[in-house]
Amino acid sequence: MTHLFEGVGVALTTPFTNNKVNLEALKAHVNFLLENNAQAIIVNGTTAESPTLTTDEKERILKTVIDLVDKRVPVIAGTGTNDTEKSIQASFQAKALGADAIMLITPYYNKTNQRGLVKHFEAITDAVKLPVVLYNVPSRTNMTIEPETVEILSQHPYIVALKDATNDFEYLEEVKKRIDTNSFALYSGNDDNVVEYYQRGGQGVISVIANVIPKEFQALYDAQQSGLDIQDQFKPIGTLLSALSVDINPIPIKALTSYLEFGNYELRLPLVSLEDTDTKVLREAYDTFKAGENE
């Protein structure tokens, strides 16, 4: 079995203009990603500010992306919530719109135990019958999909991947022991650890920074797959990532997507934009990165 994708999937931002979703800016951004070698597009996830999008907005965004991508790369819809039934409903809608797969975050706030996690994920997957990417991000949910639980879930024919945002290589190694990596993909959820994640056998990354440097980030994966040492190639990307860490995702990345004119620099409360000085420093870091490419 082939993996859902290999290399860089982009955790897509949502462009706003005057607090409304700007679908034209969204189309321009998606075209930019497709032209620059993105291998998958993830819609309505954390980076998209999904908690502050209405159901109607999520559906319009997803339909716009699916229609534009037109099967050139997989479109993965974030449909997971901390309510199993609502997650099923959202997943059915994503399937009806033509999503290639869904991404399911662990329940948050009303967090469960590992047995509950299995039942939650299996209930959604059994109902919808679309490929599923599990999303493990304990820093946001205070809930971890333990390696033993990943092993159980990986045996389901529709559960095909894990987005691993633990930034914990011991966790990665323990998961790897328990799954068949020929049929179950491991994607990093942390842009800054991809060099080691790839070296340890990861199949790719679901990336924030690839919103603005998709070609360069995919080239890193391709070089590693060719057997090259990518430490030096990563260094300028690492410098840009350090600048991007000035605040919580997606606050900084939207300072850059707006710089590329994919919507205004707007976020929905409770998120707020960077201070002007931080925005200037971040955009200068991006300019420095791009200038270095052209030397």
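Glycine residues also receive a Cβ, built from the backbone N, Cα and C atoms like all the rest.
The site 'Part of a proton relay during catalysis' annotation in Swiss-Prot covers THR46, TYR109 and is backed by sequence analysis. Per Swiss-Prot, the feature pyruvate binding site maps to THR47, ILE206. Here Swiss-Prot flags TYR135 as active site, proton donor/acceptor. Marked as active site, schiff-base intermediate with substrate by Swiss-Prot: LYS163.
Projection of Swiss-Prot feature records onto the structure.
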{"residue": "THR46", "record": "site 'Part of a proton relay during catalysis'", "DSSP class": "coil"}
{"residue": "TYR109", "record": "site 'Part of a proton relay during catalysis'", "DSSP class": "coil"}
{"residue": "TYR135", "record": "active site, proton donor/acceptor", "DSSP class": "strand"}
{"residue": "LYS163", "record": "active site, schiff-base intermediate with substrate", "DSSP class": "strand"}
{"residue": "ILE206", "record": "pyruvate binding site", "DSSP class": "strand"}
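If you take the C-beta of TYR135 (active site, proton donor/acceptor) and look for same-chain residues 6 or more apart in sequence within under 8 angstroms, you find GLY45, GLY78, GLY80, MET103, LEU104, ILE105, THR106, LEU162, LYS163, ALA165, GLY189.
Among the recorded positions listed (THR46, THR47, ILE206), THR46 has its Cα nearest to the Cα of TYR109 (site 'Part of a proton relay during catalysis'). Here THR46 (site 'Part of a proton relay during catalysis') comes close to ALA11, GLY78, VAL137, ARG140, ASN249, PRO250: these same-chain residues lie at least six apart in sequence, with C-beta atoms under 8 angstroms from its C-beta. With a cut-off of 8 Å between CB atoms and residues at least 6 apart in sequence, the same chain places GLY9, VAL10, ALA11, ALA40, ILE42, GLY45, VAL133, LYS163, TYR187, SER188, GLY189 near ILE206 (pyruvate binding site), listed in sequence order. Counted within 10 Å of its Cβ, the other Cβ atoms near the residue listed as 'active site, schiff-base intermediate with substrate' come to 26, all protein chains included.
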